[in-house]
Every structure is written in structure tokens, then in C-alpha cells.
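Asks: Swiss-Prot feature annotations, pasted as is:
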COMPBIAS  1056-1066  compositional bias 'Polar residues'
COMPBIAS  1160-1176  compositional bias 'Polar residues'
COMPBIAS  1213-1238  compositional bias 'Polar residues'
COMPBIAS  1246-1265  compositional bias 'Polar residues'
DISULFID  Cys43-Cys98  disulfide bond
DISULFID  Cys142-Cys190  disulfide bond
DISULFID  Cys239-Cys289  disulfide bond
DISULFID  Cys331-Cys379  disulfide bond
DOMAIN    21-114  domain 'Ig-like C2-type 1'
DOMAIN    121-206  domain 'Ig-like C2-type 2'
DOMAIN    198-305  domain 'Ig-like C2-type 3'
DOMAIN    310-395  domain 'Ig-like C2-type 4'
DOMAIN    410-504  domain 'Fibronectin type-III 1'
DOMAIN    510-600  domain 'Fibronectin type-III 2'
DOMAIN    605-700  domain 'Fibronectin type-III 3'
DOMAIN    710-800  domain 'Fibronectin type-III 4'
DOMAIN    825-924  domain 'Fibronectin type-III 5'
DOMAIN    926-1023  domain 'Fibronectin type-III 6'
CARBOHYD  Asn42  N-linked glycosylation site
CARBOHYD  Asn179  N-linked glycosylation site
CARBOHYD  Asn295  N-linked glycosylation site
CARBOHYD  Asn439  N-linked glycosylation site
CARBOHYD  Asn458  N-linked glycosylation site
CARBOHYD  Asn608  N-linked glycosylation site
CARBOHYD  Asn684  N-linked glycosylation site
CARBOHYD  Asn878  N-linked glycosylation site
MOD_RES   Ser1147  phosphoserine
MOD_RES   Ser1163  phosphoserine
MOD_RES   Thr1167  phosphothreonine
MOD_RES   Ser1317  phosphoserine
MOD_RES   Thr1320  phosphothreonine
MOD_RES   Ser1348  phosphoserine
MOD_RES   Ser1350  phosphoserine
MOD_RES   Ser1351  phosphoserine
TOPO_DOM  3-1074  topological domain 'Extracellular'
TOPO_DOM  1096-1377  topological domain 'Cytoplasmic'
TRANSMEM  1075-1095  transmembrane segment
Amino acid sequence: AAAKNGSPPQSAGASVRTFTPLYFLVEPVDTLSVRGSSVILNCSAYSEPSPNIEWKKDGTFLNLVSDDRRQLLPDGSLFISNVVHSKHNKPDEGFYQCVATVDNLGTIVSRTAKLAVAGLPRFTSQPEPSSIYVGNSGILNCEVNADLVPFVRWEQNRQPLLLDDRIVKLPSGTLVISNATEGDEGLYRCIVESGGPPKFSDEAELKVLQESEEMLDLVFLMRPSSMIKVIGQSAVLPCVASGLPAPVIRWMKNEDVLDTESSGRLALLAGGSLEISDVTEDDAGTYFCVADNGNKTIEAQAELTVQVPPEFLKQPANIYARESMDIVFECEVTGKPAPTVKWVKNGDVVIPSDYFKIVKEHNLQVLGLVKSDEGFYQCIAENDVGNAQAGAQLIILEHAPATTGPLPSAPRDVVASLVSTRFIKLTWRTPASDPHGDNLTYSVFYTKEGVARERVENTSQPGEMQVTIQNLMPATVYIFKVMAQNKHGSGESSAPLRVETQPEVQLPGPAPNIRAYATSPTSITVTWETPLSGNGEIQNYKLYYMEKGTDKEQDVDVSSHSYTINGLKKYTEYSFRVVAYNKHGPGVSTQDVAVRTLSDVPSAAPQNLSLEVRNSKSIVIHWQPPSSATQNGQITGYKIRYRKASRKSDVTETVVTGTQLSQLIEGLDRGTEYNFRVAALTVNGTGPATDWLSAETFESDLDESRVPEVPSSLHVRPLVTSIVVSWTPPENQNIVVRGYAIGYGIGSPHAQTIKVDYKQRYYTIENLDPSSHYVITLKAFNNVGEGIPLYESAVTRPHTDTSEVDLFVINAPYTPVPDPTPMMPPVGVQASILSHDTIRITWADNSLPKHQKITDSRYYTVRWKTNIPANTKYKNANATTLSYLVTGLKPNTLYEFSVMVTKGRRSSTWSMTAHGATFELVPTSPPKDVTVVSKEGKPRTIIVNWQPPSEANGKITGYIIYYSTDVNAEIHDWVIEPVVGNRLTHQIQELTLDTPYYFKIQARNSKGMGPMSEAVQFRTPKADSSDKMPNDQALGSAGKGGRLPDLGSDYKPPMSGSNSPHGSPTSPLDSNMLLVIIVSIGVITIVVVVIIAVFCTRRTTSHQKKKRAACKSVNGSHKYKGNCKDVKPPDLWIHHERLELKPIDKSPDPNPVMTDTPIPRNSQDITPVDNSMDSNIHQRRNSYRGHESEDSMSTLAGRRGMRPKMMMPFDSQPPQQSVRNTPSTDTMPASSSQTCCTDHQDPEGATSSSYLASSQEEDSGQSLPTAHVRPSHPLKSFAVPAIPPPGPPIYDPALPSTPLLSQQALNHHLHSVKTASIGTLGRSRPPMPVVVPSAPEVQEATRMLEDSESSYEPDELTKEMAHLEGLMKDLNAITTA
């Protein structure tokens, strides 16, 4: 593969050239000059050696040696003196380009710069005499050539005119005078000075008139004009208005008012023109100039277009390549308008061909590299406002020299196993020199016959002996050679193989000039011409057409060049394409052409017509447009016709716009019934109207300035699980009532509230509890608020009451007689999405009574379902209002809803359906079917497969894979692998061999993360003979891109011993045997110590026990308050798990000596992995623990330990730091050491449960870490042997003992120490730091034997020995795990 911007592929003995910098420091820019002046076009380039600079004008090199007016400056710039420019001779104006060349290296070209020369001054408009009122605005025109505008200035009375905030010159040259004064009166003229003699315009007199009380019409003196500006320039939108009173100018952009005072880039110039500084793309749009003088408002608009010069998003990169390879120079540009791109090689334009192709819009692809392709390639982008260039260098590498090792011979039996029109498949056998060929790769070199440019295609993996060559030309001869490579290099090439691709079948090309046009609302005519490449006689054509938005395509056979399709839908868009047929079959299809049938009058009436009586003189009419299939065109309006019901001949008609779906009809008579109907309009005419719908205005206008009064009555009828509530409206009928609010609940009416329509007179409260006392309240409400409530109570019937017939409802005197007309279904059903499980359904009912005060017993049934799965059943609910809240829906699911009205025993049909899709929700189920398998041939790589969650609740946008070797670890300690949402499999590489891993997967969507899957265990396979490696290599692989998450930030590579990179590997068997021997020695030592301790404690005297029990804590928190002589002294060897060290009550020495104890560190230092041991292990960590330490220990145990370690390197580094201060026991008096306990102070703020014990340190450099507080009691806490450094096991009884440290203490001081897993007891147990215990000191042991007496009863001793036996079983389990 080609190398980009980096070091090239290196081979032994190969010398590789480096990229040579060659670039422009300064490039020429567009310049404007005048006749006779001098101009400099800057250019400077850098390279080593210095480049040679030349110039091109209009694509042709300039001969500067013999040119008197043009010369090359030392830095490479072009100097032109005495610019020549006339009507028939313009030798200096044009496009210039700087060319930099380095011999034997390459050439680059600069951007193109335009040199424009201002022409002779010509006035297109001149100032004219005018008058202006004091305080008003006026203009004086002076328009010249666009390139001469910068050279225009004005004079007043033959004196230079000074410009200020009140008098400005616009970019066009026009002079604007605002807020005119008498001093502005005079003669004005404009002058153009462009290098030659100045040119004067005609003089015009400006008269200033005094203010007048007459009204002067408001007019624009100058309107804004559309313009195009380049980003970063300034734009001035002119706008000057005049009138009496004087107008005020304001500006708007896209209907938003512009704030010209606070904006830093917007300014209002004299007269009202708008100036925009430093134009950006966001400034583009339509601007409105609005002039207002209080009597009249006028406006004018202009479009501002902002253009952006080309800018590179991605520039070409330098490339190393070898001959026959394919390369791609990438180039990505942006600009407005979109720039065009061309490529230049060493200053010459690259012409696209078979081997130089433009791919992916702007990239240059070079196929089959040859030595002459080497050089500099430049991407040149250009649009209307500028151009830019960026380049890169291509270096063709020499083939690597042959090595001394054996090279493969030529591949055998090279054949073309498959030959098609545009591809050839080659196969071969392995070389005779390497019959297996598993590690050989192959390169296929091929070229078109007669062409020197050769290309290469490599096999995808070692051992593969076939390749398919794509993108060939039909009926073309190609020459193929195959070459094998091994680790020493490329071998011999096979004999050339000559293969010719198959010729393509001669099929017709696309039919040109296909056109389609509508001839009527239901027909379209399509025409086309004969294909240019017919390849024989055209037999017939097939015309395909399809309605836009559908996927069903229809076709018809045609023998001519045109066809008219009838029976199409009105005002519907169709797409058409044509395929020509000859004797070989169908040819190439044409591009689709789209056309819409003509519009027609609507074929259906508007939908869901409803009437709302607003007051005594107005009615609001509502409707919905006809269905889209019946509109037959763009709805341009609606025609509303209405009349009094008593006089059918008197019809009033009004027309509204097509976007309006309601209309207020005013000026009606009081208490009068009116009929209404609506029809839709298109440009073709009026469609059918709806049926007449009636409504009656109120007799009088009702008051809504206050809340309604209390309802006149409230009645309740209790049933078993429901209560029927009925009421009558307030007595005062002159106050508007919008509805009623019913509150109810057991013992209180505020538990739930239901609102019903103002026309309703009863309601059934459902889903109540039997035999329960409910309090019910009723309030009328309107837009002002709720009125005074009316209270009632009722007790629902018990379950045993089977009388469910409600005679009160059946014989209700207020139930009206059913309307003999059939029930009409509800209309205007709409679904409003509220949340992920709630949708509100609303509708209208056209079958309500004509007047507003009559009520009946009708209710509505809402049904809904989803179509996934297809056999889902409908769900139903009843409602007595015109809306219903559907809850309990599934997230991200499309539902359909319909409504039916029921009154008495009659029901309507179901309404038209409405659809609504609930919002998304986070996944509520984890990914399922999680499986883990090992990748074949790669034991360190596994493949995780899964299926999406069953309850995704939305589109899955991604997954997160968690994995760890400790299933109980906190989730933030697991390693994560993100996966995109469309993937259901993922590879994880560089895992540790023969190690159990646990995997969890979590899905996410746009709302968040879902739950995790259950942990799936997978043990990586053991390494076979080919995969085995030294221990240091296995460990080192994690640091080279591996994914071992548990090493943590404290990991340090091995530095010495057997774990060093150069050490010999240690087999797992030797390591395990060494561990067993060490632990066994530790167990034997413990047994000996325990026997001695038991013997000593049996001789402890009663007097000595009382003396030890008298030890109190410093804060006086000792909880054993009995007589000291009743306290049995603790035997630390037996009561190990129930005692703790007591704090110092009083120190006999007022100035205890404190010493710093440095801790040497070697490979025996071991850090505990986790603090998740069970409770009895927690108790055994501290030999002295009583009731005082339970709280602190529980807090300590809850803290998180260090992250678990997956691998077990041992560290033999020298000490890194000193340990905290500890009291020295060597300098304390003997009496204090016998009667006092020591309180340990933790500098890290740890609890008092972290106690350390120490014994005398040996002088040997191999001593274990000793950071201990020596307890006054002569007995030591239990300790477990530690793992010694690599090498033969050594047991030194003189080594100091190290008790089991608490998790918190170890976390503070042993940061960089590595751990080794000891084993488990059938459950998760962390590795424990272990050391070899030492026997008690001789003096202490002698004192203990002298003071002790036998005081334990046989049964007590039996219990203690049983407990000791439990400890020994735990130790045995550790050694065998």
C-alpha cells in the first residue's frame, strides 16, 4: 500500500529519498490599476535549493528578458511599469499566474490573479437640478464605470464637498443628503480622477425649500437593489425616501426587525441606507426597507447573496508508492457557489484518461504507476469569486534489493478460470520451491496489450492462490504475470498469460430527449427519440410509469416514439422512463422524468363540518379540507353559504383563503336558526358542498365576566362499583357555563376530578370499591374560573347485592326521547401525542341537538390497536366528553384510533381512524441471546454475538459491551467496548489466555441507556505449542494494545528476576509448586506456635489475667465495667477473632519517643486485591478487636478496595517511600510495655482498626517490610506466609513477622506493589498478604511461662480448640485452591 505523509517502507540496504518542501510563501492577488501607473504582482516560493520563478499571462509564459516594461524582482514578484490600456490595445490586463520550478524535482503553480485596468471615464447618469425641503432627504446621481467608482468625488460650488454623517457618498457614486439645511443649497458636480485629466459631470442646482404645512406624498427617491457580495466585504443597501412629514426608515430581514443601534456590524447611513460590515453567510436573505411618516407606510425589498471563495477541507497528502501500484490524491473543497476542481501535475493540467481518473467528485486516482508519474500534483479549486491551490509530492520508490535468503520460484499453472466482459479471475498453484506455500503472498501484474503502464493486484491473505481483476474493458487483450513473495522478498515471475475479455452484448442505449407533459387531469403524453447507439434495429419500446410515493411500477409496450397514458389520478405526480428493445434484449433505461396531471375541481366536500354558537349574533363554523385524493389540485379557498332556516331563497355567500379552516359569521339575528354549508375551491372551480348543517343563535348574550353560580341540584345513585351522578344547571341562566367539574373520593372529594361538557346532565363514576363511603362534589366552571361547589355523599352497595338494574337511570325523567334519525359517527378524530405511553383523542359530534341546553344519555366508545403484531385485538374505553386520555400504551408504537357514539340502544358506525405514534423510551429489557465464542486461529480474540432487546422502545443507536475477569467488580471497573447500533457482533482482541471473562451488554437509544444483560462467562483457550511464550512476553502483550483493564494506573513492568524481558521463562508448574512449599512451611510454623501458645496460656495465673484486663482506652469508652478481678484475660491465640487492641489510657512516659521507620520493598510486597471477604475473615484480620471497633470496622469494610489485578508480575524494586511514624518500643520502660496498650495514629485519616505490629528488624537487606506498632501484650497476631522472590524457597526463622494488615492500611502505603492470587474457599476471596511468622522473643516467652497458670476448664478449652481447627481448615483450603 502507498504510504502517506510518513516514512516509506524500509528495506535492508535501500536508500529512500525524503519529501522536498516546495510551496509558495506569497501568491498574487486580484489587483486594480489605472493607465500609466505601475503595479506589482507579489509572488515568493520556498524550496531547497531555491526555485526558479516564471510568470504566465492568460496561460502563456511571459518572456521577461526582452520586455522593457515588465521585469522579475529578486523575490519573484512581477513589476509592470507604465500600464498600457486603450480601447484597442490592452496588453497588461488579464490573468497572471506564478510558476515555481526546481530542477530534477518538479513544478508548482500559484493561484490565478486578475489584473484589471480602469477604463476611460464615462457617465451613465449625471446630477440633475432638484429641490428639497428643510429636514428632508435628497439625492444627486453620478454613476460611472464600476471600476472607476473609487475615483469619484463631489464638489459644491466648485469647492471639495466634505462628507459626514449627514452627507454620504454611496458605493455607486450617488450623493445622499439627509436632514437638509439651508447651507446645503448650491451647485453640485462630481469628478472622476483616474490617473489622467479629471472628468467633470454637469453641474446641477440644489434648492432648499422652507418647511410647509402641506402634506407631501411619501415616495422612494432610491430603492434597494439586489446585490452579490463576497464574505468579509461590506455591503450597502441604498434606501432613501422623501415626504412630509419626514419619514422614518427601518429595516427588516425575513420579517424580523433589525436592530441597527446595538448591532456592531449593522449601521444606518444618512437617508436610511443600511450598511453591513464584514458580511457573513448568515447575512444572506431578503431585506425590506420600510418608510413610515405617520400617514403612510411604503416598503421596498432587495436580495443579498453572499458568496464564499474556495476553501480546502482536506488537502492532498504526500505519497510514497512503487511502480504498478494505484494511488489516490484526496482533495475536498467547499465554497459558494460550489467550486470546480482541476488537477495539475508539474504545472500541466491533468487530462482524465483510463489511468488518470477523477473519483469521488474531486479526488485524483492514478492507476498503474510508472516512474514518469513522479512529481508535484496540485488540486486547483475555482468559483465565481476566487481560486485556490493545494499540492502534494509523489515519490516512486525503487524496488527493494534482493536479500541473501532463498526466494520462491515462479507460481505454476497460472490460468484464467473465469473470463467475463469486465473482469477476469486468475488461479494458480504454489511454486515448486515451496509446495506448501502457506506463508506466501502473491502479486498479479497486468497491463493492456500495447500499453507500457502496468498495474498490480495483491492477494488479500497469505496462502491465497486466486484473485479477480475488476474494471477491465470489454473485448480487450490483457497480459498477466504472477509473482510470489516470502519474508526474503519477491521471487520469479510466471510466464506472461494473454487473455482477452468477452465482448459486451450490443444492446440499445438510452432513448434521448424523453419528455412528458400533461394533456388533461387524467392523461399524460410521453415522447422520445431513437437511441443514438441502437446497435441494430429497434424492435419496440417499453414505457414504465409509476405514481410518486408508491413502489408499484406499470409498463406498456409502444412501437412508436410517443404514447398517451389515460385513466390517471387527477393532480397527481407520475414518473416515466423508456427502455428500447432490439434482438438482444432490453437496453439502457432513460432517466426518470416526472410530471403532474392537470388540476380539476374537487370531487368531494370538506370534512368534519361543525358549528359553534359564539353569542346571540355570531356563529363560528369549522371544517377540514377534503381528503388529499379528492382535492384534485391546490385548494385556493373555501366558499361558505348560509341562510335562515325559514327563508331558503335568501342565501349569503362568503369566500375565505385555502389555508383557513374556520370562519366567524357575524351580524346574525338573535334566537334564529341558520343553515350552513361549505365547498372547496381550486383554480378550476368550486367542488361539491357539504350537507346543510343548522345552528341557532342565543336569545340573549350571556355573561362571562364572573364564575357560574352553584348548580341548582345534585342527585347520586349508588351501585356496587359505580355511582350515577345527575344534576341541573344553575338557576341563573345568564352566566356562561363551559362545563362541570365532578370531584369524588372515599371520605374526601379531592381524590379525583372529572370534567364534562356543559350540555351534560349526568355522569356515571366507574371502578369504585363496594361498601365504601364516597363524598362527591359538583362545580360549574367557565373561562373565569370554577363556581361554588355542591356536595353529596353516597355509600356503594355491597358485593352481595345482585340488584344491578338501575331503575333511576331507566326511568330518568330528564332522558330525552331518542332522535328518530340514525346516529352519525363522530368526526374530526385527532390523536395528540403526550408521552411515551399516553395519547389524547379528541373528536366532534355533529349529531348533537340543535339548541344548546338539551342533554341526553349518549356516550362515546373509543377503540384503539396497533398493527404489530398483525393479530392484535382492539381495546375499548367509554367516555362522556369529546376527548379521552388513552394510557398504558407501548413506547415508539403506531396506534390507530376510532370513536363510536351510543345513545340508548342505538349506536353509530365507527368514525374514520386517526393515527398516532408514542414517543421513544429508554430500552426496558437488555440485549438477548448473548453468546461468546473464540475466534478460530486466534486464541486471544473472542467474538461476542447478541440479539436486540425485545423491548427496545425505539431505534437502537448503539451497544456497550462490558467485560471483566471479576464478576463481582463494580461496573465502572469493567472494560467497555462501544458498538454502533446496526451491529450484532463484535470482536475483542488481546485477552489473556486460559482466563475466565464475564461479559455484559447494554443497549441505548435516543432516550438513554437500557438495563444490562446477565453476565455471560467465557474462559479463553489455553495456548497451544505455537502460542506459548515466556511469562514476560505474555505480560508485555497487554501493554502493546492489549485490553487488560485490571492492571490499573499502578502497574509497572517487571524489571528484574525471572520476569525481566531477558530472563528465562518460568513454567506455571514451578510457580505452583513453589507456592505450595512456602504455604506448607507457613502452616507448620503456625501449628508449632499455636502449641506453644496453648501451653503458655494454661499456666497463666489469675493475678496476671486481672492485671491485663485492667487496660483501659484513652477516651474511656471501655464497655466492660465489672470488677477487674472478675475479668478473664484474653488469650490472643485462642480468642483471636473476638479481641482488639485497646487504646492507651495513660502513658507512663510523658514524652514517648517517635521514630521514622523506612520500609525496604522487594518482590515479596503483596497488595490485597479486594476487601470483599465475608464477615469472619474481616474479624480475623485484627487480633485485637472488641466492641469498640465494630462500628469503625463496618465502615472500613464498606469502602472500596483496589481494583482487582488480572496478571501477577512481582516487583523487586528498591524502596520508593517511607512509611508513617510509629512509636518506638525499644526506648520504652519495661513497666509501660507491660501495662499499657499503644494507640496507632493513621496520617491518612484511616480508622483505628488498622493496627500494625513489629518485631526487631534484622540487618539483612532481604528483610520484609516492617511498619508495625509493637503491642504491649507479648503474643502476636496470626499471619500467613508471603510469596518469596523467584528462586529456590528459603525459610529464615529470624525474619520478622508481619500481621495481616487491614485493607485500608494497605491501600495507603503499598501503592505500587503487585498481587498474586492465592485461591478461594468456594467463593470470591481476594488474595491476602502473607509473611512467615516468627516465634515470640525469648524474654517475653519466659515471662509468659512464669506468670501463667492453668485456668481454663476442659469444656472451654474444647471450644477454643474447635475454633482453632476451623482456622486450620481455612488455611488448608487456601493452599489447595
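Positions of Cβ are set from backbone N, Cα and C atoms, glycine also.
Surface or core, plus neighbours and distances: that's what I need for these features.
Replies: DSSP gives Cys98 (disulfide bond) a strand state. For Cys98 (disulfide bond), other Cβ atoms within 10 Å of its Cβ number 26.
A sphere of 10 angstroms centred on the C-beta of Cys142 (disulfide bond) encloses 28 other C-beta atoms.
In this structure, Cys289 (disulfide bond) is part of a beta strand by DSSP. Remark: Cys289 (disulfide bond) has Phe220, Arg223, Pro224, Leu237, Cys239, Ala241, Ile249, Trp251, Gly272, Leu274, Glu299, Ala300, Gln301, Ala302 as non-local neighbours, by Cβ distance under 8 Å and separation of at least 6 in sequence.
Non-local contacts of Cys331 (disulfide bond) by the CB criterion (under 8 A, 6+ apart in sequence, same chain) comprise Phe312, Lys314, Gln315, Pro316, Val341, Trp343, His362, Asn363, Leu364, Cys379, Ala381, Ala390.
Mean pLDDT for the domain 'Ig-like C2-type 2' (121-206) in the predicted structure: 86.
With DSSP states grouped into helix (H, G, I), strand (E, B) and coil, the domain 'Ig-like C2-type 4' (310-395) comes out at 3 helix, 52 strand, 31 coil.
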Asks: Just to be sure I understand the packing, how many Cβ atoms besides its own are within 10 Å of the Cβ of Asn878 (N-linked glycosylation site)?
Replies: 13
Asks: What's the CA to CA span in angstrom from Asn458 (N-linked glycosylation site) over to Asn439 (N-linked glycosylation site)?
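Replies: About 14 Å separate the Cα atoms of these two residues.
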Asks: Would you kindly give the Cα-Cα distance separating Asn179 (N-linked glycosylation site) and Asn295 (N-linked glycosylation site), rounded to the nearest Å?
Replies: 19
Asks: What kind of secondary structure is Asn42 (N-linked glycosylation site) part of, going by DSSP in three states?
Replies: coil
Asks: Could you tell me whether the domain 'Fibronectin type-III 1' (410-504) and the domain 'Ig-like C2-type 4' (310-395) have 3+ CB pairs under 8 A, leaving out pairs under 6 positions apart?
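Replies: As far as Cβ distances go (cut-off 8 Å, pairs 6 or more apart), the domain 'Ig-like C2-type 4' (310-395) and the domain 'Fibronectin type-III 1' (410-504) touch.
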Asks: Do you see any of the recorded positions Asn42, Cys142, Asn179, Cys190, Asn684 whose C-alpha is within 10 Å of Cys98 (disulfide bond), and which ones?
Replies: Asn42
Asks: Quick one: of the glycosylation sites Asn608, Asn684, Asn878, which has its CA closest to the CA of Asn42 (N-linked glycosylation site)?
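Replies: Smallest Cα separation from Asn42 (N-linked glycosylation site) among Asn608, Asn684, Asn878: Asn684.
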Asks: Could you give the Cα-Cα distance between Asn179 (N-linked glycosylation site) and Cys190 (disulfide bond), in whole Å?
Replies: 21
Asks: With DSSP helix as H/G/I and strand as E/B, how many residues of the domain 'Ig-like C2-type 3' (198-305) fall in helix, strand and coil?
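Replies: For that range the per-state counts are 6 helix, 58 strand, 44 coil.
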Asks: Any idea what the Cα distance is from Asn608 (N-linked glycosylation site) over to Cys43 (disulfide bond), rounded to a whole Å?
Replies: 75
Asks: Can you check what DSSP calls Asn878 (N-linked glycosylation site), collapsed to helix, strand or coil?
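Replies: Looking at the DSSP assignment, Asn878 (N-linked glycosylation site) belongs to a strand.
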Asks: Taking only the glycosylation sites Asn439, Asn684, Asn878, which one has a CA atom nearest to the CA atom of Cys142 (disulfide bond)?
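Replies: Comparing Cα positions, the candidate nearest Cys142 (disulfide bond) turns out to be Asn684.
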Asks: Have a look at the recorded positions Cys190, Asn439, Asn684 and say which one has the shortest Cα distance to Cys43 (disulfide bond).
Replies: Cys190
